[in-house]
Every structure is written in C-alpha cells, then in structure tokens.
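Annotated features, as they stand in TrEMBL:
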COMPBIAS  53-66  compositional bias 'Basic and acidic residues'
COMPBIAS  116-127  compositional bias 'Basic and acidic residues'
COMPBIAS  133-149  compositional bias 'Basic and acidic residues'
DOMAIN    81-182  domain 'cGMP-dependent protein kinase interacting'
REGION    1-81  region 'Disordered'
REGION    116-149  region 'Disordered'
Amino acid sequence: MSSLYTRSKEFTRNRKSQSDSPPASPSPTAKTFRHERLSRLESGSSNTTTSDSYDRASARARREARLASLTSRVEEDSNRDYKKLYESALTENQKLKTKLQEAQLELADVKSKLEKMAQQKQEKTSDRSSMLEMEKRERRALERKMSEMEEEMKVLTELKSDNQRLKDENGALIRVISKLSK
C-alpha cells in the first residue's frame, strides 16, 4: 500500500510540475521513461522499491532538465543587449518624429495653399459680382439717358414744327403788312 501512496504522490507532483512548465512536446527520454513505468505497473512487478527509486530518479532528471531549460532562457534574456534595443527603438522613434513633423509641415503648406485658392476664388466671384453690379448700373444709366434723349427728340420735333408754323405765320404777316403799306 505504501508504494501506491508514493506513486500517487509523485503523480500529483508530476501534474503540478507539468502545469508550471510551459507547454512543450515531451522529449524522447521522457516518453521512454513513461513507457517503462507503465509497463512495470501493468506487469505488477514485485520490486516496488526499485521502481520507486527509478521513478524518483526520472522525476529528478525531468526537474533538472526543466531547470536547465529555464536557466538557458534566463541566459538568453541576459545575453540580449537591452541598451542596443533601447537605442534602436529610440532612433526609430526619432525617425518617425521627423517624418511626422515633415508631414505636418506639408499639411500646413497644403492648407495655406488651399486657403489662398479659396480666397482668390472668393475674390474673383466678388469681383465678378461687383463687375456685374457696375455693369447693371451703367446699363440703367444708359437706358435713362436714352429715354431722356427720346423725350428731347420728341420735344425737338414739336419745337421744329412750332418753329415752322411760326415762320409760316411770320411770312404771312409780312405779306399782309407789305400789302397794307402799299
């Protein structure tokens, strides 16, 4: 019974250690250890102390392998040169900042050009409208002058006719006076 108890303890320890470690495919040695262990359990070997010590040795070997992989990761992390990474990130940030500033300057330039064009267009339309208003005023003034001249022409024709009538009357009076004086 004690051998079963120790096996179940190791089984739970193995479960915990597997969940603590990152997921990875089992190594070929771990597969063989597991296969041998299962075959011993199935055959019901009578030598439980040997299997216990073998299980402990395999668990210790797995722990050491896991520790070795963790230390190799820590060494890889420490081998990374964080200063170089920081400097490269800093230079990249500087490049991006300069590009951003250039883009902002270009945007401001385009906005100013757009505003100038809008002002010119507005001035042209206001100039056109003012020109149209001036032309309308001039046209009205010319129409008034034409109507006034037409009125004057009517008056002139009336005056000419009156003048002709007066000339005729004057001529008739002169003839009457000349006949009376003879």
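Placement of Cβ uses the backbone N, Cα and C atoms for every residue, glycine included.
Caution: TrEMBL annotation is automatic and unverified by curators.
The average pLDDT computed over the domain 'cGMP-dependent protein kinase interacting' (81-182) stands at 91. Here the region 'Disordered' (116-149) is broken down by DSSP into helix, strand and coil counts: 34 helix, 0 strand, 0 coil.
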